[in-house]
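Asks: Right, I'll just put the structure down here and ask away after.
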Amino acid sequence: MSSTTVKATTTLGPGPHLRVAKGHGTENDFVLLHDPDGQVDLTPALVRGLADRRAGLGGDGVIRLVRSTRLAEGADALAEDPSAVWFMDYRNGDGTLAEMCGNGVRVAALFAERLGLWDGTGALALATRAGVRRVHSDPQGSGWYAVDMGGWTMPGGAGAAARGMDAEVEVPGLPVVRPALSIDVGNPHTVLALADAAELAAADLTRPPVVTPTPLAGTNVELVVPLGEETGPDGEVVGRLRMRVHERGVGETRSCGTGACAAAMAVRTWAGAEAPSTWLVEVPGGTVRVRALPGGRVELAGPARLVADGEVDLEALVRDAAARPSV
Ligand SMILES: N[C@@H](CCC[C@H](N)C(=O)O)C(=O)O
């Protein structure tokens, strides 16, 4: 690629501007803002505007890096770990709050590194609504980060674990209702297994799958196809699975980190005691690695990228939004 010099100029109007960056983790993409003192009024309308792929910048979600002391939710995180001075304030593209974002927390760590808030060594403790998450650079290299995602649980309890299911899901495009397993990774997920890649491709995720019983707080839905086991370069037996996801508050995305953790832990539960601890999860946007840790915790590893940095004209962003008919 030839190098190009871009002249510093602006085409934006004279009104208020917001400095933002754009990043992604396996193509789960985010608009990022550094708002140390919590001065940005991050309303649902502003989030929707920033995330809009036509009238805004575009993203599955919006991530604000703000001092934990500047958010009410930050107090719990600081009590858990006083070193978690930065809070990853994650919003879904529809403007709703979510507790956690596994791809987002890696991208937020890279953002913190680029902003000079973390030197990239050791672990960065990031506060989230699901608790403190510790991120470190992953030996896999090429911009990979690993995150201790904390504990995962099956809200359906021991009965659900024994039966491997506690819900049913009707997926548009697929003929029959499927059994599914609820998994909580700080945010809610419902995982169902499909027969093969053809079935996975046939699912219509332009509409949300219908989950019964209806989860009160909504759920992210993962469709998975287990692909078997292989031996890694270090001799470890590793499981592999393919996944598509319909995210609460977003729609189909090209990756979901918490979803990959939920999917791997569900497949591991279905596979029984001898199942591998480490899973490679193929998503439309790439591959992430999920590892079951001792004590019922789970680790997520994958790439993080920042691809743009600039300013948004807030007046232009919101000018037409109010007048737009909701169709
Ligand atoms: N893409 C995320 C999950 C984002 C939140 C989710 N939509 C929710 O509402 O729980 C990830 O990488 O984990």
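Every residue, even glycine, has its Cβ placed from backbone N, Cα and C.
Where the annotation comes from TrEMBL, it is an automatic prediction and has not been curated.
Per TrEMBL, the features are:
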| type | residues | note |
| --- | --- | --- |
| BINDING | Asn28, Asn92, Gly102, Asn103, Asn187, Asn220, Glu247, Arg248, Gly257, Thr258 | substrate binding site |
| ACT_SITE | Cys101 | active site, proton donor |
| ACT_SITE | Cys101 | active site |
| ACT_SITE | Cys256 | active site, proton acceptor |
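Locate each feature and note its surroundings.
Replies: Annotation note: Glu247 (substrate binding site) sits in a strand segment as assigned by DSSP.
Look at Cys101 (active site, proton donor): DSSP puts it in coil. Long-range neighbours of Cys101 (active site, proton donor) (same chain, six or more residues apart, CB within less than 8 Å of its CB): Asn28, Phe30, Gly61, Ile63, Met88, Tyr90, Thr128, Asn187, Gly257, Thr258.
For Cys256 (active site, proton acceptor), the number of other Cβ atoms no farther than 10 Å from its own Cβ, over all displayed protein chains, is 35.
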Asks: Within the chain of Glu247 (substrate binding site), which residues six or more apart in sequence place their C-beta under 8 angstroms from its C-beta?
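Replies: Same-chain residues close to Glu247 (substrate binding site) (Cβ under 8 Å, separated by 6 or more) are Asp60, Asn92, Asn220, Thr253, Cys256, Gly259.
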Asks: May I have the list of same-chain residues other than Asn28, Asn92, Gly102, Asn103, Asn187, Asn220, Glu247, Arg248, Gly257, Thr258 whose Cβ is within 8 Å of the Cβ centroid of the recorded substrate site, in sequence order?
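Replies: My list of surrounding residues reads Gly61, Ala98, Met100, Cys101, Gly104, Val245, Val250, Thr253, Cys256, Gly259.
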Asks: So if I draw a 10 Å sphere around the Cβ of Gly102 (substrate binding site), how many other Cβ atoms end up inside it?
Replies: 28
Asks: Taking every protein chain shown into account, which of the binding-site residues Asn28, Asn187 has the largest tally of Cβ atoms within 10 Å of its Cβ?
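Replies: It comes out as Asn28.
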